[in-house]
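Just below is one structure, and these are the notes that go with it.
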Amino acid sequence: MLWRCNWVKQRKRILNTLSFSSIHGQYPREYTAAKPLTHDNVYSCLRESPADLKTLNFFFWCAKQNNYFHDDRAFDHMVGVVEKLTREYYSIDRIIERLKISGCEIKPRVFLLLLEIFWRGHIYDKAIEVYTGMSSFGFVPNTRAMNMMMDVNFKLNVVNGALEIFEGIRFRNFFSFDIALSHFCSRGGRGDLVGVKIVLKRMIGEGFYPNRERFGQILRLCCRTGCVSEAFQVVGLMICSGISVSVNVWSMLVSGFFRSGEPQKAVDLFNKMIQIGCSPNLVTYTSLIKGFVDLGMVDEAFTVLSKVQSEGLAPDIVLCNLMIHTYTRLGRFEEARKVFTSLEKRKLVPDQYTFASILSSLCLSGKFDLVPRITHGIGTDFDLVTGNLLSNCFSKIGYNSYALKVLSIMSYKDFALDCYTYTVYLSALCRGGAPRAAIKMYKIIIKEKKHLDAHFHSAIIDSLIELGKYNTAVHLFKRCILEKYPLDVVSYTVAIKGLVRAKRIEEAYSLCCDMKEGGIYPNRRTYRTIISGLCKEKETEKVRKILRECIQEGVELDPNTKFQVYSLLSRYRGDFSEFRSVFEKWKSEFTENVDVSDSDDELFVSVG
């Protein structure tokens, strides 16, 4: 055993003294003379090699051998290698330059492989750098490269950039369309359905059809947005392309009719389904129950539930979650708790929606003392999503010590804490009366260069504003602008609210004007917040300017804001004359019960 250990050490010493050419030059030729490359042997060589340029060059060398293509293991391993190289050489250009010096011939394949490594590793900034670097070497990206870059743009939410790449693909293949469809369906908005229609039409026009999985996504999007007529067209396409209509497709169509506010058509379709011999399953019944509950047709929902029980169908966790939610909405909190406690007997594992529903039930019933008891059964055996949910619920109901305890358990379990986790943590600290600790932790998180979004910055700033720490909040916001951290319209609106509350109305007005120069446009809430502050200070000229802007942009103000503007400007003859038609329309909307409380007080950024 001792001899073996010594030999391993000696072998490593010998290998380390060999030149690059002996390992990656002569060795491959001798090796291939004996037998061809295999995935297992290449992966073994890569895994045993250091993360340096020689290993990367060897990876490229293998890729250009006849009839050899790297498998997923090799690509996944190379993610760590290129990450180390980018830290060492800082840029892709320098890595390419060093590869040339080491004798690697720079061809389009090198860029394509590098792009795929960064793409697989979700290192999107470097993937973009590789893609743009192709042109400097005179290489034109092929369809595969453009497909990957389109996917990157979608994942970075640069939809216009993704579509521009899609349009620029000269020879689109199945994956070009599939990537675009997948992302549009995942985004899930009604506007994304337009994108799906455009891509699907082009796809069929070029002789391609979606697979079963993608058809399911498209159908789900149509039904989720209540576009049932489009959903039936998708079903027609599925049948034409040879894909059978399953019971799950029927269930989605039933759900779609409910979402479009047509319960009778949903029931008719359900009956039609039975007539043609397609037996409904638990998913179908759950769609019916949820549809009735959402429309307030509770009696009908419980009739369907009784049918489920009479047919002996065992409820799954989705149906149990729905029943907990339904009982909570009806104020039948004891029955909601009974469903929750029955899960163990049914051998069902609670998920994030289960805990969200039961915690909501306990909070609404005022049984706050039961919250720790319900969650005690979870112990420390929960995943990142459930941990985020628990800490958020605890934070919202004022149990900040419990929230921080859950977060400490998550940290101890070495979870890959995400932006949402950090947001909940900082908000819990602020609500728990520890704003200084929150600010200190905020700076530490930023220093570690985590992937943080605009919501993270907005939440800490808003939490400080709610504590009355206006100047501190504004200072953090200005630092975000200076450091070019991601900010959105909510971030600016929160900062404007802080300035309004701090009576720094001139700065609030300037910030409202400046945000448009940065490409971020105010929304209804932004206008409501700034107008409320301006009306309090009787800044008539600025209110006039903002009102003109709202009219020009077609922004519909809420009744309270309209009342404040009308009360301020209608007393001036010139203003009344300029906005007469607008004011006349507003007057018909006013009631005696219009609440003229501070509009900016209603703005709060939830971490949920």
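Note that the numbers count up from 1, one per residue, in the order the chain is shown.
Placement of Cβ uses the backbone N, Cα and C atoms for every residue, glycine included.
Among the features that Swiss-Prot reports, repeat 'PPR 1' is placed at 107-141. Per Swiss-Prot, repeat 'PPR 2' is recorded for 142-172. Summarising the annotation, Swiss-Prot assigns repeat 'PPR 3' to 173-210. Look at Swiss-Prot and you will find 211-245 tagged as repeat 'PPR 4'. The repeat 'PPR 5' annotation in Swiss-Prot covers 246-280. What Swiss-Prot lists as repeat 'PPR 6' is 281-315. According to Swiss-Prot, the repeat 'PPR 7' annotation covers 316-350. According to Swiss-Prot, the feature repeat 'PPR 8' maps to 351-381. The repeat 'PPR 9' feature in Swiss-Prot is assigned to 383-417. What Swiss-Prot lists as repeat 'PPR 10' is 418-452. Among the features that Swiss-Prot reports, repeat 'PPR 11' is placed at 453-487. Residues annotated as repeat 'PPR 12' in Swiss-Prot: 488-522.
Away from its own ends, the repeat 'PPR 12' (488-522) comes close to residues 454-455, 457-458, 461-462, 464-465, 470-471, 473-474, 477, 480, 529-530, 532-534, 537, 539, 542, 546, 553, 555, 600, 603, 605 of its chain (Cβ-Cβ under 8 Å, at least six residues beyond either end). Tertiary neighbourhood of the repeat 'PPR 3' (173-210): same-chain residues 143, 146-147, 150-151, 154-155, 159, 162-163, 166, 217-218, 220-222, 224-225, 227, 230, 237, 241, selected by CB-CB distance under 8 Å and a gap of 6+ residues from either end. Outside the repeat 'PPR 10' (418-452), and at least 6 residues removed from its termini, the chain residues within Cβ reach (under 8 Å) are 384, 387-388, 391-392, 394-395, 398, 400-401, 403-404, 407, 410, 459-460, 463-464, 466-467, 469, 472, 476, 485-486, 607. Shown for the repeat 'PPR 6' (281-315): DSSP residue counts in helix, strand and coil, namely 26 helix, 0 strand, 9 coil.
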